[in-house]
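Visitor: Got a structure for you, written out below as structure tokens; questions coming shortly.
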Amino acid sequence: GQLGKGGCLALGGHERPVTFRWPVASNIDGNEILEIQVFNYSKVFTNRLIGTFQMVLQKVVEEGQVEVTDTLIDDNNSAIQTSISIEIRYQALDGTVGTWNDKEFLETPSVHSEGDGRYPLETDSLLSSHRQGLDISPGKSNQQSAERSFRRAGKGVFSAMKLGKTRPTKDDHRKQDEPAVLEAEDLDRKAMRQGCGLEPDTISLASVTAVTTNVSNKRSKPDIKMEPSAGRPMDYQVSITIIEARQLVGLNMDPMVCVEVGEEKKYTSMKESTNCPYYNEYFVFDFHVPPDVMFDKIIKLSVIHSKNLLRSGTLVGSFKMDVGTVYTQPEHQFYHKWAILSDPEDLTAGLKGYLKCDIAVVGKGDTIKTPHKANETDEDDIEGNLLLPDGVPPERQWARFYIKIYRAEGLPRMNTSIMANVKKAFIGDNKDLVDPYVQVAFAGQKGKTSIQKSSYEPLWNEQIIFTEMFPPLCKRIKIQIRDSDKVNDVAIGTHFIDLRKISNEGDKGFLPTFGPAWVNMYGSTRNYTLMDEHQELNEGLGEGVSFRARLLMSLAVEILDTSNPEINSSTEVQVEQATSPNCTGKMEEFFLFGAFLEATMIDRKIGDKPINFEVTIGNYGNQIDGMTKPIMQKKKEGGNGDEEESELLRNSSEDEGDEDGELVSVSSSQPVKPLVTDRNYFHLPYFEKKPCIYIKSWWQDQRRRLYNANIMDKIADKLEEGLNDVQEMIKTEKPHPERRLRGVLEELSSGCLRFVTLADKDQHHSSRTRLDRERLKSCMRELENMGQQAATLRSQVKKNTMKDKLKVVQNFLQKLRFLADEPQHTIPDIFIWMMSNNKRIAYARVPSKDILYSIVDEEMGKDCAKVKTIFLKLPGKRGFGSAGWTVQAKMEMYLWLGLNKQRKDFLSGLPCGFEEKKTARGQKLPSFPPISLLYTKKQVFQLRAHMYQARSLFAADSSGLSDPFARVFFISQSQCTEVLNETLCPTWDQLLVFDNVELYGEAHEMRDDPPIIVIEIYDQDTVGKADFMGRTFAKPVVKMSDEDYCPPRFPPQLEYYQIYRGNSTAGDLLAAFELLQIGPGGKSDLPPIDGPTDMDRGPILPVPLGIRPVLSKYRVEILFWGLRDLKRVNLAQVDRPRVDIECAGKGVQSALIQNYKKNPNFSTLVKWFEVDLPENELLHPPLNIRVVDCRAFGRYTLVGSHAVSSLRKFIYRPPDKKAEHWNMTAKHLNGYLAMANGAHRSRPTGEIVVNMEPEVPIKKMETMVKLEANSDAVVKVDVTDEEKEKKKKKKKGGGGGGEEEVEEEEPDESMLDWWSKYFASIETMKEVGVCRRGVCRGEEENFVSCSKGQAKNKEKSKAPKDDKKKKQQAAPELPEKNKKQKIDELKVFSKELETEFDNFEDWLHTFNLLRGKIGDNDDNATEEERIVGRFKGSMCVYKVPLPDDITKEPGYDPNFGMFQGIPSNDPINVLVRVYVVRATDLHPADINGKADPYIAIKLGKTDIKDKENYISKQLNPVFGKSFDIEATFPMESMLTVAVYDWDLVGTDDLIGETKIDLENRYYSKHRATCGVSQSYAIYGYNTWRDPMKPSQILSKLCKEGKVDGPHFGPGGRVKVANRVFTGPTEIEDENGQKKQTDEHLALTVLRHWDDIPRAGCKLVPEHVETRPLLNPDKPGIEQGRLEMWVDMFPMDMPAPGPAIDISPRKPKKYELRVIVWNTDEVILEDDDYFTGEKSSDIFVRGWLKGQQEDKQDTDVHYHSLTGEGNFNWRYIFPFDYLMAEERIVISKKESMFSWDETEYKIPARLTLQVWDADHFSADDFLGAIELDLNRFPRGAKTSKQCSLEMVTNEAELPMVSIFKQKRVKGWWPFVARDENDELEVTLHLLTAEEAEKSPAGLARNEPDPLEKPNRPDTSFIWFLNPLKSIKYLICTRYKWLIIKIVLALLLIVMVALFLYSMPGYMVKKLLGA
């Protein structure tokens, strides 16, 4: 039997009953058909069908059980004799049948049995928007569902009907061809940017008991986001620091690094003869491109050796990564990571070395936190810090990427070259006008197929092979079909494949694989003009607006076995055979139906020519080159062979064989003239007659892919909706958000399990690709896993864990969205174009999966068979900016896409009550689609729009304000509210009534599913058209004529709707909407409308009483302090400003400032006014601050304004009566937090003792208890005796040494300076950081902060929250550190001080005054340019009758109201002392990639430019300067510290600047004038800097805070309020005299001032802050950072001492003496001329890194035959060294043209090399070693013990530092071509003074000469002493051989003579003897 697609079954025997069960996903539709087929079974042949039985399940669904006996029907639909008996039972999940209404994944019976609609189950706290009334029998079912759904309890104020609070469902906007780069991190950015579209039908309801929902499911959600975000260029900055390279493969190279980003290249300098060069060079690349172009750029780092002007050098190795990978890293950066270099030309070779670098990618507005750039110790753990994203294995292998391109189809019939068109015109050349080829780009390489000449259906069957490391660090492959052309090639379409979507890196994962599958390409429209304005869309930038082509391709990856000798490594293209195309799925006939129910809001600019709509799917329906003839199409798609075509004809639709006959597609509506709606919009008169379209198309049947994606999308939508509810509940402080979260998790886990069962059933589809199978497996794994996690999480959700758990669930959501995105396309997207007079105006794009039909409800597309509101937008670039914000048209559209054979119920989702109008041919055929629908039923309604107010609107006028009015659209009517002038927060308080609104369809559907209302906000301009300011959507609450107007639904409550402008939010609208049916009795039955109550408002109706908020009386007190930095208005300076405050129609004006120049502060500080505000704080209107300038003749000009959108933080709530006498004012000033803390505790006056001995090195774990305000505790931190002993011992310099024999000697007090303190602090900061990452990861509750053995009190723990936890726990992890002497420290803040102390707005707030329009580009930085000044002040809002006890307090001054105890605001003179420590990571300003920075400071009229002290060619300059400036607050309170780049010619450029508001710091309770140091000293490096001593400060604070104390007692105790502190009482002066003092005690109290009840707050410690430098030309992108701090001293107090000296440390002069004694086992290079023996002429060369020019060589040891060399040679290297930073300082000119010397800081490394001297050729390099003088392995005692291990695994060996040991002797191994030679060396380090006292000569010279080496006699130069060399080379070794040779020669001579003379003798003898 077949139930929908439930699968088939065969019935066996005749008698025995067989039972089949279907678990059905969703409740069964009454029209569903059950089909039973009876077969004749055959073992051999296929089974023969005997007959079928079909029945509609309507009855079953209603009754639940049916028994039937019926005859079977054969193929020809005639009855046969056989009959069948069946019994069917249908069990709905809730036990009731027919009324079961909810298409829910999981329901529990208990829900429905509850009578009162309050659901006990959390799952149902919010019915989801997917619930659906099936309208089977309206009478029975709808009644119940209606009652249930509308018992609304109190509805949330912020309802999510603020459509568009969540993201538009899934990637609606990032259609498949759009970039998918910014995956995960993008989600949160996007979500932030767009605010995103929440559904209008889900009114997110907060409380658990309340239920609101939409029952009917006929409408789907509109998307609120209008403007395309992709494709618009943005600013990016890529900054790369190349630090150093190590282990480069090769001998004696001169390496340099080439840094390439995209097309730009930059080079480092060249370092000579070293394998581990140190560069520390910084490069910056700036780009202004769209995001996807940016993230596809490749960053390539390559090391090149010996490159010079003439030769390009040879590549050592390179590393590639795309920018997107860096951007997805946390903080968008890799910091201090090692890149693995490999050689792309040589796959078999391994590593080519490592390169250490920092890479950061910053977009506009991103901030990057870099770790502190202090003295970085060189971490040698390379393996642990590789430059790879998490999860990428360090050993990457080479792999081949095979991209097979088979064929393409549907290419546009076009040619862009002019010639071709001319040719066509003249010659009538009718060839296809495209010559396509495919280009694939991946990882910086491109490959292309051959060109198929003149073909619209090109067939390539080629594959392109890329060779790249796997996993690749480049995430996207770009595939582009291009049209080859003689002039220039043009892209036809582009598609990106994201490798993360087609592979899975898990342990059960799979390699990237794809297809063979079709990918659809979208781009510009298909009209063929010469110039295509949307060409960029074809390049893949922006959302395509039309189908371009589809391409059949596949991808596979093969990991290479590099040991295989056959491997070659080029990226070549080779051709191979095609696969048969049937693998992409069976061709099916699809049917698309659409009905246009409404077309309104058509932009008037279009003109009133007739308008029609065209719908296309792929090329079907396209009027220019559409494919309407299916037969031809089938041949084309079928590829080869007639059998496929005939099969297509067969299965096109058996059921409609002839009736379908010639079903010609109708793809566009009839043109209709538009009617005017109002000034801006037309509408089309689609009243009762709604036009339809239908298109048949043929595609491969790969619906399963889309189904799976739909199931996941639906789970994700539901999850997102739930999460939004939870966040809404948290935001509006509703009770029990955690219950809702548990419900959400329950839904999630059941949804996931449901997916697993649904997706599992289609495992064995023939046409599935490998990717389909693997993705299904991994999706099922992931979802199963997620379901289980959700279930476990659910039990862990508690009130206190909410926040963390929410984050986890957010991650689930991202993962679901990621999984749901199907990379292998199937059916192309549907495009709807609006045409006016045949010109294409605007379009909408609907993903095909969203409207795909399925029998199973979860698989159905979310908009299938539903009415969807679609907004049309302009194509391509035209849609950027303001043009993209106006609606081109609003459509209500119904769409259905499915297989043609399933098309019987394609009308099922339309609103009921229509008749179909068909074409003449289709009249009698039941399933023939209509060309229009005629609605017979219509209902009449009245819409009431209660427009109360809006806030935070967009500033549309140059004054920085707007004149807003709202326009409400419903169906084809529109109305406006009144215009309110000059405000961003209008309170319209107006009721708009729309009468006689006609809606077509059944009444009950209207009630559940009314159309949406569009509200647009405009700015009224006196001339010209009103400017658009934003838009939002709403759904009205509907009342039918037979319902009562009574609670809970009526009257409706006001809700906030989020207003959008483009993608950005632009305020909120507070309104309510009700739609009331006008029944038979006419309007008299409607609830009455009260007439206008205010006569002055004329006919304007106010919002009626039940709806408007309940008000009560509040008093608003305003503190007016002053105005700052007012800019000119209309070129005139502001002279007599005044501030006007307005809230809810009431207000107050400040006193007039008589002369702004002289004194910008107000004379009267506090004023108040009373006003009626809503009881509900969320509805409070904003408070407006305006500054006007009073000019002569009573004229006023607006200077600027500021709207305080939320008064919440200024509301003061009186404490409960329980709290004892409590100083309100102080508490109010402490802001919101203190109120919360203080008010609820009663305070006993018990004492709390805090004992602090600052000098204690804590060795054991000491736990200090956080003192509760009312606890009675004495906490002692005591020093045990043994520790005191240790301390004494240590003073004596003894103490057991650690692993090193040499204990580091203690620095003498006099040697310590401010920098010692600074570096010690940075060390601590790093340790705390490490500890924070390491130790404290698990324990959220108790933080452990690492200490260097002393109680660095909590100034040290980096994050302020630690302070709140445990005061101090000294971690015992750092034993050796404890030996260091305790140096007092300061706090180094890695950001501005303001962020740490809440902008110092503890009582004085700063409000930016804005003026001017908001820019229309996306930049957030425009805010900066609009600021025209700042208002300083504060406010306090409270309900009017205040309790008496406040006003009765002693010292209460009624003039100051709530602002008691604020200082006077008279001008005050202050000495400002600015200390600038150093700058880091400056943006290079010169061509050479460096800058010559200097400091410039500006405060009021003072302008200091420290130009002569510029620092040459440095991007990390140490300034170490302090500047004193006298200033008068309030006139001069904004300090600007800038860094400029010095230029020899031309003006100096600004690198960046930072601004500090000194006034807020000065007046802040945190006491930011002069930081409180850690301990009190009267001399030395840590002298107390403040003119007031701690005890004076303490008394002052106590007096101001009305705190009892301080009472100093005997025995080192001090009592403040109810706290007692103890501490030391003695102090030593310079002469060692001890004196009694209270200062230590007072300081202890100050450092714990935040523990003091009531008045306490954290005081600013002695610190260095790090401020980002910004440049106004590059808004939002950091140009570097500045470390600095500011001290301020009032001039009427005693003068402070001289400024601390922080000038940079001068490096110390050292001399390193290196004596080279011997070498051993050196490689023998040369062959002897005479004897062929191996020997070497050895010499040793040495230098200190960075000083290659000063390299020194020993003499040559000639003819070493054993590899032994004797030298006794001394090198002397003088150098300057900075101890704290462990760097050598070198100053040298960069080139002959340099103006001045540049200072370099480089690590102290000694390089020694062994060479073989050659006279006539270059010397041969034999080996080298680099010793880092700070940590190098100890040398071996003898050459035998010396091995390469010493250098390679450095960790195991004890390391020594020459700076501690001073003298080291030993053997060290040389590293050379895998062999090992040794070298015996003595290193001796002396300071310059010591070197002068004991001088030594170079080489073997005086003074202190070394003896001559004892070399064997063989070592000399042969051509200087030929005889000697003969003696040595010949005599000694070859003596006997020579004798033998001489004898042999004699013998030979004699024989020869004999032979020569013999004939003569013979003749003589014979002839005549």
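From the backbone N, Cα and C atoms, a Cβ is placed for every residue, glycine too.
Sequence annotations record features per position, and here TrEMBL assigns region 'Disordered' to 128-151, 632-669, 1280-1308, 1346-1379. If you look up TrEMBL, you'll see 218-339, 382-513, 925-1050, 1097-1223, 1450-1571, 1692-1843 marked as domain 'C2'. Under the heading compositional bias 'Acidic residues', TrEMBL lists 1298-1308. What TrEMBL lists as compositional bias 'Basic and acidic residues' is 1352-1365. Feature annotation from TrEMBL assigns transmembrane segment to 1936-1956.
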Visitor: Counting only pairs 6 or more apart in sequence, are there at least 3 Cβ pairs under 8 Å between the domain 'C2' (1450-1571) and the domain 'C2' (218-339)?
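Guide: By the criterion, they touch.
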Visitor: Work out, from DSSP, the number of helix, strand and coil residues along the domain 'C2' (218-339).
Guide: 14 helix, 62 strand, 46 coil
Visitor: What does the DSSP secondary structure composition of the domain 'C2' (925-1050) look like, as residue counts for helix, strand and coil?
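Guide: Tallying H, G and I as helix, E and B as strand, the rest coil: 6 helix, 61 strand, 59 coil.
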Visitor: Within the domain 'C2' (1097-1223), what mean pLDDT does the predicted structure show?
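Guide: Its mean pLDDT is 86.
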Visitor: Sort the residues of the domain 'C2' (1097-1223) into helix, strand and coil with DSSP and give the three counts.
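Guide: DSSP composition of the domain 'C2' (1097-1223): 10 helix, 55 strand, 62 coil.
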Visitor: Within the domain 'C2' (382-513), how many residues are helix, strand or coil going by DSSP?
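Guide: Tallying H, G and I as helix, E and B as strand, the rest coil: 16 helix, 57 strand, 59 coil.
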Visitor: Treating G and I as helix alongside H, and B as strand alongside E, what does DSSP give for the domain 'C2' (1450-1571) in helix, strand and coil?
Guide: 12 helix, 53 strand, 57 coil
